[in-house]
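What TrEMBL annotates here:
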| type | residues | note |
| --- | --- | --- |
| SIGNAL | 1-18 | signal peptide |
| DOMAIN | 20-107 | domain 'Ig-like' |
| DOMAIN | 128-197 | domain 'Ig-like' |
| DOMAIN | 209-300 | domain 'Ig-like' |
| DOMAIN | 305-399 | domain 'Ig-like' |
| DOMAIN | 404-493 | domain 'Ig-like' |
| DOMAIN | 497-593 | domain 'Fibronectin type-III' |
| DOMAIN | 595-690 | domain 'Fibronectin type-III' |
| TRANSMEM | 695-718 | transmembrane segment |
Amino acid sequence: MLLKLALLVGALVGISRAALQVSISLNKVELSVGESKFFICTAIGEPVKLEWFNPQGERIIPSRRMALHSETSRSRLIIYNAIIEDAGIYRCQASDASGHTEEASVVLEIYQRLTFRDVQSPQEFRLGETAEVVCDVISSPVPVVVWYYQDREITEEHHSRYQVLVNNNNLQIHQVTKADEGVYRCEASVEARGEIDFVDIAVVVNVPPVLSVFQPAFNATADYQESITFTCITSGSPDPLVTWHRKGQQLEPSEKFIFNRLEGGRSMLTIRNIRQIDGGAYSCKASNKAGAQERELFLTVFVQPHITQLKNVTAVEGSAAMITCVAEGEPLPDISWRRASDGQTFVDGDKSRDGRFEVRGRHGKSVLTINGVRLTDLGRFDCEAQSRIGGHQKSMFLDIEYIPKFLTNHTIFYSWEGNPVNISCDVMSNPPATMLWRRERFTISEGTANMQIHGSEGKSVLEVTPMSDRDFGRYNCTARNNIGVRYQEFILAQADVPSNPYSIRLSAVSQRLATVTFMKPDSHGGVPISFYLVQFKELGSQDWRDVRSHSIQTTVVLTGLEPNTTYEVRVAAVNGKGQGEFSHTETFQTLPIREPSPPAVHGQRGMGKAYRLGLVKQDDGGMPIVEYIVKYKTDKEEQWMTKLVPGANDFAMLQPLQWNTRYEVEITARNVKGLSEPTFYQFFMPQKPDITESLFSGLGLGAVVGLGLGALLLLLVLVDVSCFFLRHCGLLMCITRSVCSKKTATSGKGKEMEEGKAAYLKLPLKEENGKESLKPDTIEIKVHNDNSLHIKPDDSKA
């Protein structure tokens, strides 16, 4: 019985074991890298759990790349983005309640499809280097790579510079050139799968920049609004980028710097409004992917000389003065000096003969040294900076300070009691001096009773009014400045009247005139002479007649004398103090009355056939000239013609005369005493002038112009009157229309308005004998629109 039961249980267990079966939907799977796949595991029986195990025998735990979806008898394994490491045998294991397990497996084979990884196109290389064209392709198994260029397979047999690298299938090009540029094809294939793919790669060969300079150096002058242009010529591939640099800094476009780029790789930098600071080195830099090249260019800026330092200098007389002149410019200018007072010039290295002037200069700086400065050195000095570009000049003033110097040696002044006198103390000094007066060691203050001080710069006047003998004597003028002190002594002495003149002389004595000359007195008494008093009288008379000299002239003319008369004359000098003593008396006698002297004659052509003789009276012999006797004739005639001219006249008019004839003239003056000696004169009458000369020879320019304007005005009036009567036009016609025309006031005369307007001129008409033949308002003149006139008398008033 027990044996049967055991057999029954064993049979049941066997049945249950046989019922647990596991299967997977796929037995073997090939999967490409990156692809995803799922597998379904199914268990028949009563499984308690289903589990998956990876090729390493590890139970699979769900993750981002491997997911599990399980049910009672079913489980799905999902593999996302498969990788090579995922290859192997995957097992699905089912377990029942008794712990019995069954499993199934699936073989997963993973291969790498042809894949080009990060292949760059284009790939750029530098001219001349070894270029390696990268074609990174992967697959499993390893692919076969073939390169093509211009549709032809690249082989080392035909392309000696080309090589396909074994380790990475890259294409290597030795000493790549610009001709190697183009599109290269990298083709990969997997024969086992019949898989093939390619990628086209553009190869670019970059050529480093080549830079040339058209003109490496320029010259320019500053401050003349000049501009220069640097030019760089570049080549390269790709086209180089050209930049301009100065002092390590890249230049940017501005009003100062202008950039231009032209065809042919020409790049230009224009520098405008050049100044001194623009001079120096500039660089042109061309750069591209293959490299860079830089060339230097140089701008030399010539700068007009400019004096930057020159100051006025003040020196003390006798000391040394140093005058400095600093100038700049390009090229550095030469500096010279010029003294304005005499034009003397000094250059570097010069030394005057007396050794006082010396010039030393270096690097745009010149120093003019003046040793032992004198007052004659005072004044302007010019510094001139000169170069081949130009010149610049500036001036400075050398001021010299010196101790006061007195300008006059006039130290003795004269006056008398009650007479004010000005004692002048004139001083030259720099800086200006202060001045004061002393007497007997006491300072004279302003406002003293009989002393006043009047001062101005460089001058002090002590006005003294002597009241007694004590006021005469010595006075001291003191002048002081910061250089030193000087003194000058003045003496105020008592004045006297002048001494007597001497050496009295009489000259040019005639019937009524005499000239007195004399010598100045030896002493003027300390006061300047004001004038001389000359006294004269007839011999035996007691009445002296006074004649004053003109100022201090020592010649006096006596007038109003009587002929043939003896006179006495004496002279005295007069100054502010009074009149001095008379000189000794001189005696002279006037001449007796006699015939006049011959007159002087000068001639001038008159109007037409006239000739004017000018008569100049000479000595009349003591009596008035009564008349002039003028006798004249032609040089071919013997008979004289006579013309009497009153003695008061100063000319004689001779007319009518003959043309083209020479005349001889004899002129005699007569007074009551008799006739003078004759004066002879000749003149020539020219040929007869033409009518124009005859008409206008006597007229001035204003008269001729006036006659011309009058004639022109008369001509215009005649033309206007002619136009009035013949053409019905002109100024007179316009005046007639504007003044005399009248409008008709009624509409009934509209027809007359259309035909013309009538003007009535109320003018008296005269007969040939001048009497009025008709009264006013008797003539009707009708002016029509066509400017025609119609005149008819008024019958009612005829």
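Just so you know, glycine gets a Cβ as well, placed from its N, Cα and C.
For the domain 'Fibronectin type-III' (595-690), the mean pLDDT of the prediction comes to 89.
Across the domain 'Ig-like' (404-493), DSSP helix (H, G, I), strand (E, B) and coil residues number 3 helix, 56 strand, 31 coil. Per DSSP, the domain 'Fibronectin type-III' (595-690) is made up of 0 helix, 50 strand, 46 coil.
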